[in-house]
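So the structure is just underneath, and the comments pick up after that.
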Amino acid sequence: MAASGKLSTWRLPPLPTIREIIKLLRVQAAKQLSQNFLLDLRLTDKIVRKAGNLTNAYVYEVGPGPGGITRSILNADVAELLVVEKDTRFVPGLQMLSDAAPGKLRIVHGDVLTFKVEKAFSESLKRPWEDDPPDVHIIGNLPFSVSTPLIIKWLENISCRDGPFVYGRTQMTLTFQKEVAERLAANTGSKQRSRLSVMAQYLCNVRHIFTIPGRAFVPKPEVDVGVVHFTPLIQPKIEQPFKLVEKVVQNVFQFRRKYCHRGLRMLFPEAQRLESTGRLLELADVDPTLRPCQPSISHFKSLCDVYRKMCDEDPQLFAYNFREELKQRKSKNEEKEEDDAEN
(Lines of atoms letter the chains of each structure in order from A and count residues from 1; the text may use other names and numbers.)
(Lines give C-alpha, C1' and ligand atoms only; values in the text may rest on other atoms or scores of the structure.)
Protein backbone atom coordinates (compact mmCIF):
# COMPACT_ATOMS: atom_id res chain seq x y z
CA MET A 1 0.00 0.00 0.00
CA ALA A 2 1.03 3.63 -0.37
CA ALA A 3 2.80 5.03 2.66
CA SER A 4 0.35 6.04 5.38
CA GLY A 5 0.31 8.39 8.34
CA LYS A 6 2.50 10.88 6.50
CA LEU A 7 1.48 14.32 5.29
CA SER A 8 2.19 15.14 1.66
CA THR A 9 5.24 17.41 1.43
CA TRP A 10 5.22 18.01 -2.33
CA ARG A 11 3.00 20.77 -3.72
CA LEU A 12 2.52 22.37 -7.12
CA PRO A 13 4.12 25.81 -7.50
CA PRO A 14 1.81 28.85 -7.88
CA LEU A 15 -0.14 28.59 -11.14
CA PRO A 16 -2.97 30.42 -12.91
CA THR A 17 -6.38 29.32 -11.63
CA ILE A 18 -8.42 26.83 -13.63
CA ARG A 19 -10.83 29.62 -14.54
CA GLU A 20 -7.90 31.73 -15.80
CA ILE A 21 -6.58 28.84 -17.88
CA ILE A 22 -10.00 28.29 -19.47
CA LYS A 23 -10.10 31.99 -20.40
CA LEU A 24 -6.49 31.95 -21.61
CA LEU A 25 -7.10 28.96 -23.88
CA ARG A 26 -10.54 30.28 -24.87
CA VAL A 27 -12.06 26.89 -24.12
CA GLN A 28 -15.80 26.39 -23.74
CA ALA A 29 -17.46 23.18 -22.60
CA ALA A 30 -18.46 21.05 -25.58
CA LYS A 31 -22.11 20.07 -25.28
CA GLN A 32 -21.65 17.05 -27.57
CA LEU A 33 -19.03 15.69 -25.14
CA SER A 34 -21.22 16.34 -22.04
CA GLN A 35 -18.47 18.47 -20.52
CA ASN A 36 -18.97 20.20 -17.17
CA PHE A 37 -15.94 21.73 -15.45
CA LEU A 38 -15.38 21.57 -11.69
CA LEU A 39 -13.43 24.71 -10.82
CA ASP A 40 -13.63 24.73 -7.00
CA LEU A 41 -10.37 23.19 -5.77
CA ARG A 42 -11.90 22.57 -2.34
CA LEU A 43 -14.26 20.11 -4.01
CA THR A 44 -11.59 18.53 -6.20
CA ASP A 45 -9.42 18.14 -3.09
CA LYS A 46 -12.33 16.42 -1.34
CA ILE A 47 -12.79 13.96 -4.23
CA VAL A 48 -9.10 13.09 -4.05
CA ARG A 49 -9.14 12.70 -0.25
CA LYS A 50 -12.08 10.30 -0.53
CA ALA A 51 -10.07 8.18 -2.98
CA GLY A 52 -7.80 7.20 -0.08
CA ASN A 53 -4.12 7.76 0.63
CA LEU A 54 -2.42 8.50 -2.70
CA THR A 55 1.09 9.24 -1.45
CA ASN A 56 3.49 7.46 -3.86
CA ALA A 57 0.53 5.88 -5.67
CA TYR A 58 -0.02 5.56 -9.43
CA VAL A 59 -3.21 7.24 -10.61
CA TYR A 60 -5.12 7.00 -13.87
CA GLU A 61 -7.37 10.04 -14.32
CA VAL A 62 -10.06 9.84 -16.97
CA GLY A 63 -11.25 13.00 -18.70
CA PRO A 64 -9.12 15.59 -16.84
CA GLY A 65 -10.45 18.51 -18.91
CA PRO A 66 -8.90 21.79 -17.72
CA GLY A 67 -7.13 19.99 -14.87
CA GLY A 68 -8.99 20.77 -11.64
CA ILE A 69 -8.90 17.24 -10.21
CA THR A 70 -5.49 16.80 -11.85
CA ARG A 71 -4.05 19.51 -9.60
CA SER A 72 -5.54 17.96 -6.49
CA ILE A 73 -4.12 14.54 -7.41
CA LEU A 74 -0.65 15.99 -8.00
CA ASN A 75 -0.81 17.80 -4.66
CA ALA A 76 -1.48 14.43 -2.99
CA ASP A 77 2.18 13.60 -3.79
CA VAL A 78 1.52 10.70 -6.16
CA ALA A 79 4.37 8.80 -7.77
CA GLU A 80 2.84 9.19 -11.22
CA LEU A 81 -0.38 10.52 -12.72
CA LEU A 82 -1.53 9.35 -16.14
CA VAL A 83 -4.30 11.43 -17.74
CA VAL A 84 -6.22 10.43 -20.86
CA GLU A 85 -8.04 13.29 -22.57
CA LYS A 86 -10.03 13.08 -25.80
CA ASP A 87 -10.34 16.85 -26.33
CA THR A 88 -7.08 18.31 -27.71
CA ARG A 89 -8.09 21.82 -26.57
CA PHE A 90 -7.12 20.88 -23.01
CA VAL A 91 -3.65 19.54 -23.80
CA PRO A 92 -1.82 22.93 -23.50
CA GLY A 93 -3.29 23.51 -20.03
CA LEU A 94 -2.38 19.99 -18.96
CA GLN A 95 1.11 20.47 -20.38
CA MET A 96 1.48 23.51 -18.12
CA LEU A 97 0.77 21.23 -15.15
CA SER A 98 3.24 18.66 -16.48
CA ASP A 99 5.95 21.32 -16.70
CA ALA A 100 5.18 22.33 -13.10
CA ALA A 101 5.42 18.70 -11.91
CA PRO A 102 8.45 17.23 -13.73
CA GLY A 103 8.29 13.46 -14.08
CA LYS A 104 4.91 13.16 -12.35
CA LEU A 105 2.30 13.83 -15.06
CA ARG A 106 1.94 11.82 -18.28
CA ILE A 107 -0.57 13.09 -20.85
CA VAL A 108 -2.21 10.84 -23.44
CA HIS A 109 -4.55 12.11 -26.14
CA GLY A 110 -7.06 9.30 -26.48
CA ASP A 111 -10.46 7.82 -25.69
CA VAL A 112 -10.98 6.27 -22.24
CA LEU A 113 -13.35 3.69 -23.77
CA THR A 114 -10.53 2.20 -25.86
CA PHE A 115 -7.35 3.13 -23.96
CA LYS A 116 -5.32 0.09 -22.78
CA VAL A 117 -4.45 1.08 -19.22
CA GLU A 118 -3.25 -2.46 -18.49
CA LYS A 119 -0.07 -1.56 -20.38
CA ALA A 120 0.36 1.87 -18.82
CA PHE A 121 2.06 1.09 -15.51
CA SER A 122 4.92 -1.12 -14.37
CA GLU A 123 4.41 -4.88 -13.99
CA SER A 124 5.93 -4.52 -10.52
CA LEU A 125 2.72 -2.84 -9.31
CA LYS A 126 0.67 -6.01 -9.82
CA ARG A 127 -0.71 -7.73 -6.71
CA PRO A 128 -2.50 -11.04 -6.21
CA TRP A 129 -6.28 -10.57 -6.24
CA GLU A 130 -6.57 -11.82 -2.66
CA ASP A 131 -4.14 -9.17 -1.37
CA ASP A 132 -4.93 -5.58 -0.42
CA PRO A 133 -5.70 -3.27 -3.38
CA PRO A 134 -2.62 -2.21 -5.36
CA ASP A 135 -1.09 1.28 -5.40
CA VAL A 136 -3.06 1.99 -8.56
CA HIS A 137 -6.20 4.15 -8.53
CA ILE A 138 -8.72 5.38 -11.09
CA ILE A 139 -10.19 8.83 -10.52
CA GLY A 140 -12.38 10.88 -12.80
CA ASN A 141 -15.08 13.48 -13.31
CA LEU A 142 -16.81 11.49 -16.04
CA PRO A 143 -18.78 13.12 -18.86
CA PHE A 144 -22.40 12.05 -18.39
CA SER A 145 -22.52 10.59 -21.92
CA VAL A 146 -19.85 7.96 -21.22
CA SER A 147 -20.26 7.29 -17.49
CA THR A 148 -22.65 4.32 -17.73
CA PRO A 149 -21.00 2.49 -20.66
CA LEU A 150 -17.61 3.08 -19.04
CA ILE A 151 -18.55 1.68 -15.63
CA ILE A 152 -20.18 -1.35 -17.29
CA LYS A 153 -16.97 -1.90 -19.27
CA TRP A 154 -14.88 -1.67 -16.10
CA LEU A 155 -17.21 -3.98 -14.19
CA GLU A 156 -16.72 -6.56 -16.92
CA ASN A 157 -12.97 -5.98 -16.61
CA ILE A 158 -13.27 -6.69 -12.87
CA SER A 159 -15.15 -9.91 -13.60
CA CYS A 160 -12.40 -11.00 -16.02
CA ARG A 161 -9.57 -9.43 -13.96
CA ASP A 162 -8.23 -7.65 -17.01
CA GLY A 163 -7.97 -4.03 -18.19
CA PRO A 164 -7.19 -1.75 -15.20
CA PHE A 165 -7.59 -4.77 -12.92
CA VAL A 166 -4.56 -6.70 -14.12
CA TYR A 167 -2.82 -4.87 -11.27
CA GLY A 168 -5.23 -6.35 -8.71
CA ARG A 169 -8.31 -4.90 -7.04
CA THR A 170 -7.78 -1.37 -8.38
CA GLN A 171 -9.99 1.15 -6.56
CA MET A 172 -12.09 3.70 -8.46
CA THR A 173 -13.45 7.09 -7.38
CA LEU A 174 -15.76 8.50 -10.05
CA THR A 175 -18.49 11.07 -10.58
CA PHE A 176 -21.92 10.34 -12.02
CA GLN A 177 -25.24 12.12 -12.31
CA LYS A 178 -26.70 11.97 -8.80
CA GLU A 179 -29.50 9.66 -9.98
CA VAL A 180 -26.96 7.20 -11.42
CA ALA A 181 -24.83 7.40 -8.26
CA GLU A 182 -27.89 6.58 -6.15
CA ARG A 183 -28.71 3.62 -8.39
CA LEU A 184 -25.19 2.25 -8.15
CA ALA A 185 -25.33 2.22 -4.34
CA ALA A 186 -29.07 1.46 -3.91
CA ASN A 187 -30.08 -1.19 -1.39
CA THR A 188 -32.41 -4.10 -2.11
CA GLY A 189 -36.02 -2.90 -2.12
CA SER A 190 -35.31 0.80 -2.69
CA LYS A 191 -36.92 2.71 -5.54
CA GLN A 192 -33.46 3.46 -6.97
CA ARG A 193 -32.58 -0.25 -7.21
CA SER A 194 -31.72 -1.04 -10.83
CA ARG A 195 -29.65 -3.14 -13.19
CA LEU A 196 -26.62 -0.97 -12.32
CA SER A 197 -27.11 -1.65 -8.58
CA VAL A 198 -26.87 -5.41 -9.03
CA MET A 199 -24.10 -5.38 -11.63
CA ALA A 200 -21.92 -3.12 -9.48
CA GLN A 201 -22.64 -4.67 -6.09
CA TYR A 202 -22.10 -8.30 -7.03
CA LEU A 203 -18.52 -7.36 -7.96
CA CYS A 204 -17.66 -4.38 -5.71
CA ASN A 205 -18.12 -2.67 -2.41
CA VAL A 206 -19.92 0.46 -3.65
CA ARG A 207 -20.24 3.68 -1.65
CA HIS A 208 -21.98 6.90 -2.70
CA ILE A 209 -19.61 9.14 -0.76
CA PHE A 210 -21.03 12.63 -1.23
CA THR A 211 -23.02 14.84 -3.59
CA ILE A 212 -21.79 17.94 -5.41
CA PRO A 213 -24.47 20.52 -6.26
CA GLY A 214 -24.84 21.23 -9.96
CA ARG A 215 -24.12 24.92 -9.36
CA ALA A 216 -20.48 24.02 -8.58
CA PHE A 217 -19.90 23.13 -12.24
CA VAL A 218 -19.38 25.30 -15.30
CA PRO A 219 -21.60 25.21 -17.25
CA LYS A 220 -24.14 24.27 -14.58
CA PRO A 221 -25.78 20.92 -15.40
CA GLU A 222 -29.48 20.42 -14.74
CA VAL A 223 -28.67 17.74 -12.15
CA ASP A 224 -26.46 17.33 -9.09
CA VAL A 225 -23.45 15.03 -9.21
CA GLY A 226 -22.62 12.06 -6.98
CA VAL A 227 -19.13 10.84 -6.13
CA VAL A 228 -18.95 7.04 -5.92
CA HIS A 229 -16.11 4.84 -4.63
CA PHE A 230 -15.67 1.24 -5.83
CA THR A 231 -13.48 -1.45 -4.27
CA PRO A 232 -13.57 -4.79 -6.12
CA LEU A 233 -14.49 -7.74 -3.91
CA ILE A 234 -12.04 -10.60 -3.43
CA GLN A 235 -14.85 -13.04 -4.19
CA PRO A 236 -17.69 -11.94 -6.49
CA LYS A 237 -21.14 -12.59 -5.05
CA ILE A 238 -22.18 -14.29 -8.30
CA GLU A 239 -19.64 -16.65 -9.86
CA GLN A 240 -20.88 -16.81 -13.43
CA PRO A 241 -19.66 -15.16 -16.66
CA PHE A 242 -20.35 -11.42 -16.74
CA LYS A 243 -22.46 -11.58 -19.92
CA LEU A 244 -24.70 -14.26 -18.39
CA VAL A 245 -25.25 -12.24 -15.22
CA GLU A 246 -25.90 -9.13 -17.29
CA LYS A 247 -28.51 -10.93 -19.40
CA VAL A 248 -30.43 -12.26 -16.39
CA VAL A 249 -30.32 -8.90 -14.58
CA GLN A 250 -31.37 -6.94 -17.67
CA ASN A 251 -34.35 -9.21 -18.19
CA VAL A 252 -35.52 -8.86 -14.59
CA PHE A 253 -35.39 -5.05 -14.77
CA GLN A 254 -36.82 -4.52 -18.24
CA PHE A 255 -40.37 -4.45 -16.85
CA ARG A 256 -39.83 -2.43 -13.68
CA ARG A 257 -43.52 -2.22 -12.74
CA LYS A 258 -44.27 -5.89 -13.33
CA TYR A 259 -43.45 -8.96 -11.27
CA CYS A 260 -39.95 -10.30 -11.89
CA HIS A 261 -41.27 -13.43 -13.63
CA ARG A 262 -42.52 -11.18 -16.46
CA GLY A 263 -39.00 -10.18 -17.46
CA LEU A 264 -37.49 -13.61 -16.80
CA ARG A 265 -39.93 -15.15 -19.29
CA MET A 266 -38.08 -13.31 -22.05
CA LEU A 267 -35.02 -15.49 -21.45
CA PHE A 268 -36.80 -18.35 -23.21
CA PRO A 269 -38.29 -18.99 -26.68
CA GLU A 270 -42.06 -18.64 -26.81
CA ALA A 271 -42.70 -22.36 -27.27
CA GLN A 272 -41.12 -23.21 -23.90
CA ARG A 273 -41.52 -19.89 -22.12
CA LEU A 274 -44.03 -20.69 -19.39
CA GLU A 275 -42.60 -24.09 -18.52
CA SER A 276 -38.96 -22.93 -18.49
CA THR A 277 -39.71 -19.78 -16.49
CA GLY A 278 -41.56 -21.81 -13.88
CA ARG A 279 -38.68 -24.27 -13.66
CA LEU A 280 -36.11 -21.46 -13.34
CA LEU A 281 -37.97 -19.78 -10.49
CA GLU A 282 -38.72 -23.04 -8.69
CA LEU A 283 -35.14 -24.33 -8.81
CA ALA A 284 -33.77 -20.92 -7.82
CA ASP A 285 -36.33 -20.70 -4.99
CA VAL A 286 -37.34 -17.16 -6.00
CA ASP A 287 -40.87 -15.82 -5.47
CA PRO A 288 -42.24 -15.00 -8.96
CA THR A 289 -44.29 -12.11 -7.54
CA LEU A 290 -41.29 -10.11 -6.33
CA ARG A 291 -40.95 -6.72 -8.00
CA PRO A 292 -37.64 -6.16 -9.87
CA CYS A 293 -36.26 -3.99 -7.04
CA GLN A 294 -36.91 -6.68 -4.40
CA PRO A 295 -34.66 -9.67 -5.22
CA SER A 296 -31.41 -9.68 -3.25
CA ILE A 297 -27.99 -10.41 -4.72
CA SER A 298 -28.35 -13.96 -3.39
CA HIS A 299 -31.61 -14.29 -5.34
CA PHE A 300 -29.82 -13.15 -8.48
CA LYS A 301 -27.03 -15.63 -7.74
CA SER A 302 -29.55 -18.48 -7.60
CA LEU A 303 -31.23 -17.32 -10.81
CA CYS A 304 -27.90 -17.07 -12.62
CA ASP A 305 -26.72 -20.48 -11.36
CA VAL A 306 -29.92 -22.21 -12.48
CA TYR A 307 -30.01 -20.36 -15.81
CA ARG A 308 -26.40 -21.45 -16.42
CA LYS A 309 -27.39 -25.10 -15.90
CA MET A 310 -30.30 -24.66 -18.31
CA CYS A 311 -27.93 -23.15 -20.88
CA ASP A 312 -25.56 -26.09 -20.42
CA GLU A 313 -28.49 -28.44 -21.12
CA ASP A 314 -29.52 -26.43 -24.20
CA PRO A 315 -26.43 -24.85 -25.82
CA GLN A 316 -28.59 -22.61 -28.04
CA LEU A 317 -30.46 -21.05 -25.13
CA PHE A 318 -27.94 -18.38 -24.15
CA ALA A 319 -27.89 -16.98 -27.71
CA TYR A 320 -31.69 -16.64 -27.73
CA ASN A 321 -32.91 -13.04 -28.05
CA PHE A 322 -36.65 -12.47 -27.73
CA ARG A 323 -36.43 -9.24 -29.71
CA GLU A 324 -35.05 -11.18 -32.68
CA GLU A 325 -37.95 -13.62 -32.36
CA LEU A 326 -40.41 -10.70 -32.39
CA LYS A 327 -38.67 -9.20 -35.41
CA GLN A 328 -38.84 -12.48 -37.33
CA ARG A 329 -42.51 -12.93 -36.43
CA LYS A 330 -43.30 -9.38 -37.57
CA SER A 331 -41.45 -9.98 -40.83
CA LYS A 332 -43.40 -13.18 -41.48
CA ASN A 333 -46.70 -11.40 -40.77
CA GLU A 334 -45.81 -8.63 -43.21
CA GLU A 335 -44.92 -11.19 -45.89
CA LYS A 336 -48.23 -12.98 -45.29
CA GLU A 337 -50.16 -9.70 -45.59
CA GLU A 338 -48.40 -8.97 -48.89
CA ASP A 339 -49.25 -12.45 -50.22
CA ASP A 340 -52.89 -12.03 -49.16
CA ALA A 341 -53.05 -8.64 -50.87
CA GLU A 342 -51.68 -10.09 -54.12
CA ASN A 343 -54.25 -12.88 -54.04
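Glycine too: its Cβ is placed from the backbone N, Cα and C atoms.
Keep in mind that what you see is a predicted model, and the values were worked out from it rather than measured.
Pulled from Swiss-Prot:
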BINDING   Leu38, Gly63, Glu85, Lys86, Asp111, Val112, Asn141  S-adenosyl-L-methionine binding site
TRANSIT   1-27  transit peptide
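This view paints the features noted in Swiss-Prot onto the structure.
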{"residue": "Leu38", "record": "S-adenosyl-L-methionine binding site", "Cβ contacts under 8 Å, 6 or more apart": "Thr44, Gly68, Ile69, Asn141, Ile212, Ala216, Phe217"}
{"residue": "Gly63", "record": "S-adenosyl-L-methionine binding site", "Cβ contacts under 8 Å, 6 or more apart": "Val84, Glu85, Lys86, Val112, Gly140, Asn141, Leu142, Pro143, Val146"}
{"residue": "Asp111", "record": "S-adenosyl-L-methionine binding site", "Cβ contacts under 8 Å, 6 or more apart": "Val84, Lys86"}
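For the recorded site, Asp111 (S-adenosyl-L-methionine binding site), the DSSP three-state label reads coil.
In the three-state DSSP reading, Lys86 (S-adenosyl-L-methionine binding site) counts as coil. DSSP classifies Gly63 (S-adenosyl-L-methionine binding site) as coil under the three-state reduction. Around the Cβ of Lys86 (S-adenosyl-L-methionine binding site), the number of neighbouring Cβ atoms within 10 Å comes to 19. The Cβ of Asn141 (S-adenosyl-L-methionine binding site) has 26 neighbouring Cβ atoms from other residues within 10 Å, across all protein chains displayed. Asn141 (S-adenosyl-L-methionine binding site) carries a strand DSSP state (E or B). Residue pairs drawn from Leu38, Gly63, Glu85, Lys86, Asp111, Val112, Asn141, the listed S-adenosyl-L-methionine binders, are separated by up to 20 Å at the Cα level. DSSP assigns Leu38 (S-adenosyl-L-methionine binding site) to a strand.
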